[in-house]
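So that you can see what the record holds, here are the features copied from TrEMBL:
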- 1-25: signal peptide (SIGNAL)
- 79-103: region 'Disordered' (REGION)
Amino acid sequence: MFKTLLLLFLAFVMLLEPEAVLAHASGTASAAGTEMVSGASLFRRSAKRGRPNYKPYRGNSRHKMKKLGVYKRWRLRVKAQKKKRSRGLSPSVKAGAPVRSAK
């Protein structure tokens, strides 16, 4: 609750005098040796990246593949079933009973 109020207050202050606030903040940030983050990037979430399902287990616990969730497994199962149906029955060559041929 307190952090939310603080963020709203800072946004309100920046609306009043954005150049003065940014100039003062960047001056203190450069003095402290830290980089200032722009106001727009403060509220932006990081882009989500999907985890590939096809990567093999590489033997290290840091790279061990986690079990997929219910919906992800269901989606992959449905995708595999659609792929199987779309390919149709592959024609197979069936040989009859062996027959002796006259030489």
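Placement of Cβ uses the backbone N, Cα and C atoms for every residue, glycine included.
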For the region 'Disordered' (79-103), sequence-distant contacts whose Cβ falls under 8 Å of one of its Cβ atoms, 6 or more beyond its ends: none
The region 'Disordered' (79-103): DSSP-derived helix, strand, coil residue counts: 9 helix, 0 strand, 16 coil
